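Copied over from Swiss-Prot:
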type	residues	note
ACT_SITE	46	active site
BINDING	49, 88, 498, 535	ATP binding site
BINDING	90, 536	Mg(2+) 1 binding site
BINDING	91, 92, 93, 94, 113, 237, 309, 310, 311, 538	substrate binding site
ACT_SITE	92	active site, proton acceptor
BINDING	114, 265	Mg(2+) 2 binding site
């Protein structure tokens with residue numbers, strides 16, 4: 001008996017009444033429940049980008065290095081000499097809040113599959129994480145679970161996690177963010193795509209068996225959380241990194257043959273989205289025979305088989321006659337493999353079950369014909385009052401040294417050593433710069449000896465507070481800071497991926513934030529010549545109507561050549577000159593200092609002059625490549641004082657302890673405005689450098705050639721951070737505060753750990 005489609009069933013599938021009406025018009029009949037499930041996931045925000053697509057089309061997506069832009073599993077850029085890099089960043093926010101370990105682990109697994117599906121071997125991962133107020137009872141539970149999940153999956157896969165960022169803010173109390181980034185290397189002339197080409201070609205299932213885990217995960221990721229959130233735990237997928245490792249090696253072996261026509265990861269919406277998207281890209285139809293799908297649970301229905309998000313699975317279109325070759329390779333790696341369908345010329349997507357057609361749908365309405373909304377937009381009503389705030393009315397701290405210590409202990413600024421110590425960042429020895437610096441640097445020599453001179457710089461970041469106060473400017477800052485981080489290691493930025501995390505797009509102020517952030521990213525990318533080659537949108541990050549800060553995370557890739565000429569982010573030698581490339585404005589709007597010391601999140605983000613920004617970056621990049629610098633460190637959260645303190649604390653200490661873990665400096669800073677504003681303001685376009693005295697004159701000449709201002713501040717040495725007329729604090733004391741920030745969050749939670757975990 002066919003189940004009747006009622007308004008309640010439509011609503012349970014996350015579809016609006018007008019969307020259901022569109023389905024009726026497309027089909028000319030009432031859909032079956034299975035067909036409704038297919039429309040539900042394919043028209044979800046997660047799969048269709050129905051609220052965001054009209055804005056995303058404004059991104060710059062092409063350039064001389066772009067081999068594959070948005071629309072595939074990952075973007076691909078040319079690294080020269082026949083080599084290419086595939087990379088992407090994607091969110092796993094909703095699952096990670098419900099079940100932090102598995103949510104984060106399967107997020108890593110999914111992004112790894114997106115990259116190796118392109119034909120690339122993954123060589124490095126990063127992540128950008130957001131958690132709630134450090135004192136919130138659930139924060140430590142989520143932090144520990146997410147970090148363990150990322151480490152557990154990535155370490156088993158043998159892919160090092162080489163960097164990332166972690167920040168805390170009360171807006172994430174009900175919605176943590178887990179944005180995972182992976183990069184892989186492949187021959188520039190052997191890119192594989194998710195296309196169902198060649199009528200008559202077999203469609204093959206490869207990987208783990210299908211179970212009931214993750215059903216309607218894509219729909220869950222397209223809705224707000226409420227009091228029933230815990231009931232959604234069954235929609236979180238369960239990962240098996242050992243199975244994924246086998247799948248990775250099998251796919252890379254298959255790519256060495258002529259058997260693969262197209263291949264797609266079964267990610268969000270599982271078999272449904274992978275098969276529909278492949279048919280859409282190929283301009284063809286597809287017939288699936290669901291009784292051929294390898295199952296791990298008895299009694300599964302066609303609906304469950306199609307919408308399951310079981311992990312570690314691939315859908316592959318093979319060249320006709322190559323089925324046995326595919327089968328032999330997959331069985332060698334102990335993977336399930338089966339022919340489950342055929343490419344057709346019908347333009348229709350059909351699912352068969354035990355001799356009956358259980359779904360028969362035109363492909364176009366599921367892909368390009370999905371709804372596209374121009375949602376209403378209006379600036380956030382709170383902004384005029386926030387912009388009118390005058391920080392000059394605030395009292396100046398009586399003890400600037402104590403204020404610096406408090407900032408260093410803030411979990412957003414504090415050392416992330418507790419986090420990256422749980423990741424295997426040394427596996428395969430790819431890192432040229434250890435975690436904790438401004439950007440990660442990955443050597444290509446490990447996998448590609450002839451490219452030993454090349455390295456890749458990787459950076460992720462965004463300041464959500466800036467993006468709330470001015471979405472356009474805040475998003476530009478995100479791109480600029482990633483590029484600045486890459487300049488600090490001598491890299492040339494070449495392209496970005498993004499992960500756009502926002503609240504409910506049906507609220508005009510949220511849609512305005514989204515559109516303005518997209519505009520800001522686009523304009524900044526045009527200025528830096530860094531096209532957007534891949535990305536992800538995560539909407540409905542709200543709980544009980546409370547949304548997150550707009551968080552458009554940017555992941556940037558740069559080329560470091562030669563890789564031997566890179567740079568550390570911390571001071572290296574006593575007697576070195578300390579200088580600031582950039583200027584001192586004392587802009588504290590939206591700063592960590594304003595929030596930490598005065599409880600204010602107001603004002604305007606610092607002004608950003610892109611010409612000045614590019615001049616600062618070019619100065620430092622050329623200086624690193626010329627071997628002039630001992631260290632280079634971006635000034636960001638916490639401002640110049642925090643950058644000085646962090647530069648005093650060496651991140652890499654010899655195992656024998658022969659070098660102390662810190663070194664001091666003495667500087668004299670000109671104070672054009674209040675001292676606390678100059679010390680802790682987060683002015684844009686600034687890099688703190690140290691260099692041998694004999695290189696100082698050449699460095700100043702180089703800065704003048706590039707058009708960047710340089711302020712000589714002082715010298716490295718001693719065991720204190722001394723800022724003349726402002727503060728003098730032992731570096732050991734600074735290090736203690738900085739290194740204890742994250743462990744303090746976990747200790748604070750220990751007393752009420754039972755309240756943090758679900759019952």
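Quick reminder: no glycine exception, Cβ is built from N, Cα and C everywhere.
Counting other Cβ atoms within 10 Å of each Cβ, the binding-site residues 90, 114, 265, 309, 498 show the lowest value at 90. Over all protein chains present, the Cβ of residue 535 (ATP binding site) has 25 other Cβ atoms lying within 10 Å. Neighbour counts of Cβ atoms within 10 Å were compared across the binding-site residues 91, 93, 311, 536; the minimum falls on 536. Counting every protein chain shown, the Cβ of residue 92 (active site, proton acceptor) has 32 other Cβ atoms within 10 Å. Within 10 Å (C-alpha to C-alpha) of residue 49 (ATP binding site) lie the following recorded positions from 92, 311, 536: 536. Residue 113 (substrate binding site) has none of the recorded positions 46, 90, 92, 498, 535, 536 nearby, counting only those with a Cα within 10 angstroms of its own Cα. Among the binding-site residues 265, 311, 536, the residue whose Cα lies closest in space to that of residue 88 (ATP binding site) is 536.
Neighbour count (other Cβ atoms within 10 Å of the Cβ, all protein chains): 21 for residue 49 (ATP binding site).
Within 8 Å of the centroid defined by the CB atoms of 49, 88, 498, 535, the record's ATP site, lie the Cβ atoms of 56, 70, 89, 90, 497, 499, 500, 532, 534, 536, 537, excluding the listed residues themselves. Between the C-alpha atoms of residue 311 (substrate binding site) and residue 265 (Mg(2+) 2 binding site), the distance comes to 9 Å. Cβ neighbour count for residue 113 (substrate binding site) (all protein chains, 10 Å cutoff from its Cβ): 27. Separation of the C-alpha atoms of residue 92 (active site, proton acceptor) and residue 309 (substrate binding site): 13 Å, rounded to the nearest whole number.
With respect to residue 90 (Mg(2+) 1 binding site), the closest of these recorded positions in Cα terms is 535, chosen from 46, 114, 309, 535. Following the DSSP three-state reduction, the secondary structure of residue 114 (Mg(2+) 2 binding site) is helix.
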